[in-house]
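Report on the following structure.
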């Protein structure tokens, strides 16, 4: 559907201004200049309603003021909807709705899809003028205003060479499109402002956007699509990877008192840490490295597994506590490719109901070649104790992961290939008489390191399994891909038939409206090697999923689902074993409706056929699935049923078979023709052949049946097109930035507008689809999430568009690049539908070379945006060798180049399948007869033929690969066009040939209509070779181009002709291999013959023979330039042919002119040149982009006038050496601020120890005042303070401070600020710690002296491991260039002291040899690569400078991968002979030679001479004594005076009141200094230092001076190029020997740990749980004792005595533990030195956090003691003990984070109650007791003065505890204990019983005695 508006004319315009018209329909606005009258086309998605409006406004355009509205035309579209074609003339109305004189004529037409409203015939719109006069035409899309929406379908667009992508809304009706006079938009920079219309009063240049700006304008129209440039498959090549894992510690491991070991497993390799005894929070800090050399896909699918094992030893494997796994790809996709200090959560794979089993803290990094990893600085580990906040999980994964079941349902497969030889089958058939299918398939699924298999279906090409495989894994899983493989079961070994990977990120969405992974039921297509069965399949890797499959193998019907488990429910399977279950059959309807598809292809040209295959007959075969595959496609199942009539079959499985039997069709018999007739190739030139398809083009067509899931591909296509457009736009922006053209921001705005429109268009199209049902769940959910993502993207694009300013372009560009990745990710459809199409070149019935075309690219749809980008278009297709054959040089060459036309769609939609072909053909059908109109043709016969002349203007190439051993090439170019080819001349020994040659191809015949060829010429292929004297020429690279076409009736003149030279990227394999500067024009030879063509000037210069130069209009305009060369010296020249270089000379050449340096007489004695500056003049193009490269060659002058080439270097871009003149520099400072005319005052606090961040000086442009920001006093005194921590920290004592205090303070600052290095003054002054090389921050110290590497030898491929640039380097040339246009303005030479000999290189020091004292400080090394079997290394330093080598072998550090060296070395050196410093770390070995771990090289000379003054870093404060004393022999005042003098700056002038003036800057600062005796003296040093620290703000000469620093340099090993082997922290000071000598070196020796003694008194315990039952009484009691140790010193653990038989959990001990230890205050670590084993040679030093462990135990006599509970106190921060046992609770452990903490190192003495805790059966923390303890910390000296005894011994004994008697053992003293027992427990009972007994006794006695008594009484006795 489309609405077209053609603006015919606007008359009666008054005045002479530029006009703008603005046409608006449905909110989409298009603007254009009224120079041209153009057709607008809107693709309309929904029908036009009769009430809709069209509005046209005409403006006067003004550059400065708002555009003034002339008038408006509005129209209701009712009539248009009815009649579909309307012509209207009307006058415009102004703002007051009154008619004005200006009138407008327009023509409107409206086309609907169904043709319900008028159809268009070809001959309409006839009066559109052809733009023959060459009026500038602006396309509507090119000039979108700030307020407009980009039009969805801009008619044409300016492209960039062949690389311009196809446009989005292309019209279906090709004929109409050509009639538009669709010339390219030609945009020159100068006009942009004029053309970027500012409508609606927007004056702001920040709202202008451009749709497309390219200097080159190749119009891309509809009939061709762009070729793929990458020729070589990149996947499948092995690469080096290094995985480093540091296991730091584990916490909260489940289990009591365990001996844990951590096992790290990557793929098959396992490594173990050492075992830590009796602890469930072990500290390891062990580093492991795994090296791999595998393809990336294999690497990233490997599983990395951490498991903790309890009590493993030699004899037993130990019990598994828990594991954590993730794939390597997840780590690699992290920022910096690493996880740093993160906690991995362990879970038990055998019992998923248990939850978390503990945590392991680790660092994991994955490094590929060339990746560098930034290690964050290791500071105190306070923040990382928060385990929950630092879990080892990628961004966006929830910390609470749940268990889930992954169900993979495998239904059936079809189309399997034969997997056995047929001999056996025939034997079987002869014996048994049955015919079997030759494959026994089963499916294997691998996920997260686990495998599941289905059953084997014997002998079946159509196996049906109906089984589901169930994996149990944490969700979301940390493994990205699931691998599904069909395998063939075999007695010997099973082989893969095909592999498919399911990427879980593509079948799920983790957003808040996301969905769990779900898939299908859907068919997945598998590709791999060719289908013919061979025993040794050379392409077997392809079937394993490595590399691009070259043939269809099978398709498999699967579905997937995920169910989150509720682990608390009882009936759950607790193991994670893989299960396989059967399941019911799937209904056919669930898979989708079968449809008949029709594929048509036509071969328009087959050229560049490799000469090896050129002598045999060749045919091409096209297949889709197994359809069309005649040689090995079909394996009929043996159970085959006979087809019913009418082409239907019993079961659909048959339909995947080849339908080459004639099937009864309603329209007559339609036979599939899948291959072209055999044909013998014809020679093109000595390398290539072509097939003579001149006027007869063979065709193929195939009918096939597939489930109709086109919708999936349609959505992909829409997103792909948005992405292509975006990518192209971004390339435009980068091109503009790279070539420094103005206004890249406008193009970026245009790109964002296009993106926004594209996204909204997708949303409208997709919303219609939401209603459709019958899709799989994934289809529905994916569509919803794509709509959400694109809506979101469209809004973000709008938002970013408004933020794009000139200075934010680069940042925004990065953001927009993320959109591109996201779009590509979304466009990749996980559920396949139609398989890809393969084209095979067959020779001698063998498959030679192939191309694979994704089905979606050629799929047809009636909606433009949904159509594949190559459907119904001619595409250049390059065939390549299959599999591994295509690696390396074989993959660089083209096997054949085809011009192909493809159309794939539903059979019922096929009526237009030929419409995209170049017109002018007749169809040639296989069968003649009535009623056969709809049979596709088997060939096309072209009657129309055009004759052209092609002129290839080959100007020059640059940056070619070196193909000869000399490091140069002898290049020539071969140009192919259609079936013709020509070569340029060979230029010897250059990488930057300037051929300056025109190649003329006469009588090139092209078939098709003239006007189509004008817009759509075929592409030109340019191949560049290196000529060798022997053997054949070697391929260097290939480029593609499109010619600019001129028809015979067009005028040869501007704007299109003559064409401009343009750069084309040259590729070799996948690597860029240089650029070609050329232009190509294709001129039609009309009826008058060649006489009409522009004349060719014959060769003027006789010496070049018949070679035609590039004609004048095309070759660049030249100007005279002078190039001055500074020759400084040569360095590190290697031998040439075993002879040393002795008398080298440098030759500089540019554009045929050049200059030679002076000869170095004796390279060994002095490698510098005697004459510093020479110059030469040369004619160069005025356009800087076209400047030829400058070649530097070094030759060695041997005896008898012989010369040998040593090495060469090509400076590709001279831009940075163009002299800008003094005027440029002065108008703007470096930092972009304008210079100030008044004085500027920069003030500093008046007192040196400032407690702030350094003052930041901001110069507001052109204002007099200067703002000085100073951070508020102590605002962030301690960021890291935990709440409630005592903040009155005593200020560190001046005597305690040393260099290390400064260093650690700086690192802490670095951690807090974590961006650029920052100075802070934390009482200690600080230095800057760079976490990279110093060169990175100071442009490699090449401010005036540049280093050029000299190369020799062949260049390797990027992917080629064998040759690296390092190996090709044969030395370095130091020097510089300066080029400027002549004549130069005279004011330069008038400056005072101008030395004419030095040219532009004024003020450069002389290059005589100079003696220097070099002082190298090595602080420490980190993360060294292990060199010994035990996974450790014994590193020592080696330093080499010139002939001096210092090996610090005796001071090696044993078994340490993070050694602290703290050493300085002094070396005397003479520059220039000794200027390359090498610092290496070696591994000491007792036997054999020491191994190099890694080394780093520093060029000292560049540092020495740099203006950044890198000789000795400028300290942040000036002091005369102490650890921070000024190191430089020159004081700040002397340095400043020298700097001012050297750079001719006025100053320094010191004034009263602490002021100093330099140039026009005034600095204010302190003026007093204190010496060691505390006396204050006046000094200017602080002032001078203040200026030095702000030196970059001095106008004209300022640059940042190197501060006092430590740099971190990567260590590299030549054997493992590109992979870091560790890092070294160091710095270098240099002092010239002719100056006063510097003081002694700063002492940076490692801090000696301080000896402390910790005394712990265990007073009492309470509420300890009772473990034992008494024999007699069954009573609960415990025999309590307490055990304690300091972490890392388990062997020195100490126990109290036993408090027997505590019945209440109370225990009294009064027992003292004494723990001596060595402690490093700065790092908060205990240092332990011990031998690792009996066999260790020497002790190893460990650093371990200071943690005290106390445990409470129940003593048993016969069995092992029972562990009851424990507490671990971090001595630096532990909770304060409770005052009483009652107040002591488990919260002190659980909520440790929130409670105030104390440090024993500050408190010295602490007493209180602490809880003991343990875990119960449910793994919950429970309170198991309380302990009253007292901790007392003393230094070793104090401890010596006040000695104490262990336990309760002398000296200073503790009194005995008051324990109840009962604590004896009962059998020692039974009576006592029984008495105690009974009495203790039953005393009330006994008392009651006794009193009762007494009563009873009394009563008994009473009764006994009363009778006698009574008798007595009665008797009265």
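Numbering starts at 1 and runs along the chain as displayed.
Including glycine, each Cβ sits where the backbone N, Cα and C put it.
TrEMBL: automatically predicted annotations, no manual curation.
Taking TrEMBL as the reference, the stretch among 1194-1218, 1219-1243, 1244-1268, 1269-1293 described by the feature region 'Disordered' is residues 1269-1293. The feature region 'Disordered', as given by TrEMBL for the ranges 631-672, 673-714, 715-756, sits at 631-672. For the ranges 23-44, 45-66, the feature annotated in TrEMBL as transmembrane segment maps to 23-44. Counting residues per DSSP class in helix, strand and coil order gives 6 helix, 61 strand, 59 coil for the domain 'C2' (932-1057).
Using a cut-off of 8 Å between Cβ atoms, the domain 'C2' (932-1057) and the domain 'C2' (387-518) share fewer than three residue pairs, counting only pairs 6 or more apart in sequence. Between the domain 'C2' (1395-1513) and the domain 'C2' (387-518), fewer than three CB pairs separated by 6 or more residues in sequence fall under 8 Å, so the two stretches do not touch.
Across the domain 'C2' (223-344), the prediction's mean pLDDT works out to 85. Note: the domain 'C2' (1636-1785) comprises 3 helix, 78 strand, 69 coil (DSSP; helix = H, G, I, strand = E, B). Helix first, then strand, then coil: DSSP counts for the domain 'C2' (223-344) stand at 14 helix, 62 strand, 46 coil.
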